[in-house]
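These features come from TrEMBL:
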REPEAT    1-35  repeat 'WD'
REPEAT    36-77  repeat 'WD'
REPEAT    78-119  repeat 'WD'
REPEAT    137-178  repeat 'WD'
DOMAIN    144-261  domain 'WDR90 4th beta-propeller'
REPEAT    179-220  repeat 'WD'
REPEAT    221-262  repeat 'WD'
REPEAT    263-304  repeat 'WD'
Amino acid sequence: VTSVAFSQDGRRIVSGSFDKTVRIWNVAMGKVEAELKGHTDWVRSVAFSQDGSRVVSGSDDKMVRVWNMTTGKIEAKLKGHTDEVRSVAFSQDGNRVVSGSDDKTVRIWNVTTGKRTALGKFRRNWNVTTGKVEAELKGHTDWVMSVTFSQDGSRVVSGSNDNTVRIWNVATGEVEAELKGHTNCVNTVAFSPEGSRIVSGSFDKTVRIWNVTSGKVEAELKGHTDSVWSVAFSQDGSRVVSGSNDKTVRIWNPTTGEVEAKLKGHTYFVKSVAFSQDGSRVVYGSYDETVRIWNVTTGEVEAELKGHT
């Protein structure tokens with residue numbers, strides 16, 4: 001399992017896997033609601049739109065796909081990348097998707113969903129997704145491993161195998177800042193909710209908190225004993241979660257740099273982590289083919305979701 005995320009309301013989880021499928025899980029029941037098939041190679045990244053009506057996925061088949069959660073069908077196939085798609089994310093308003101690829105580019109796609117009304121006696125509304133590239137952001141000199149939008153949609157952050165983190169201005173397509181400090185591949189990046197900080201995780205085993213305005217490191221979080229593959233802020237910005245090849249998930253206080261909790265249990269690499277909207281739970285996916293839900297308050301595993309092969 002390469003990628004996991006909660007829906008905004010916390011009722012569903014989306015996961016992507018090397019088994020080429022995207023799965024939607026019912027959190028309360030711990031069961032699969034839908035299995036979305038279409039990718040012809042490993043699924044590397046998945047994300048919900050803010051309203052939960054769509055899912056985006058990126059794959060080694062070089063494709064980005066947008067799925068309709070009501071029908072379970074593909075709304076759009078976004079073609080353009082010339083190599084594996086490592087990371088995808090929706091903008092907050094759901095009108096754009098950002099993707100990062102081994103072709104060294106970051107792409108911003110217009111996936112505006114509107115309503116068209118048929119003329120005549122019988123009127124029907126249906127969704128339309130444009131699927132056009134708005135911008136192709138070039139500058140990284142190696143694979144782009146991770147991308148996401150700031151909450152206001154004005155910026156994109158990317159992490160790359162060239163060891164750098166870049167902040168892009170969505171309106172101009174220009175690089176606002178290049179953040180250097182990691183000594184190995186930057187696998188994962190995320191904005192804080194208010195957009196003033198960025199968290200990154202690297203093959204150098206560290207998690208770093210960056211100040212967006214100054215471009216300087218506010219904190220270097222050390223403790224993982226292997227590569228850090230996934231990081232995320234809680235919605236209130238008071239915590240950071242990280243997952244690592246050392247098979248652990250850690251929750252950090254980004255201000256003090258202290259580890260608040262450490263979770264063990266997976267038998268293989270932890271590839272993806274995410275907070276629920278209210279910060280009470282963490283979902284994480286592993287190469288051991290499972291998705292787990294961790295109750296942050298009790299420190300207990302609430303559910304182990306099995307099905308990916």
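Glycine is no exception: its Cβ is also placed from the backbone N, Cα and C atoms.
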Average pLDDT across the repeat 'WD' (221-262)?
96
Please identify the stretch among 78-119, 137-178, 179-220, 263-304 with the greatest number of Cβ pairs below 8 Å relative to the repeat 'WD' (1-35).
263-304
Within the same chain, where does the repeat 'WD' (137-178) have neighbours whose Cβ lies under 8 angstroms from its own Cβ atoms, ignoring anything closer than 6 residues to its ends? I mean 6 or more beyond.
83, 86-93, 96, 98-102, 104-108, 184-191, 193-195, 198, 200, 202, 210, 212, 215
On the DSSP side of things, how many residues of the domain 'WDR90 4th beta-propeller' (144-261) fall into helix, strand and coil, could you say?
0 helix, 62 strand, 56 coil
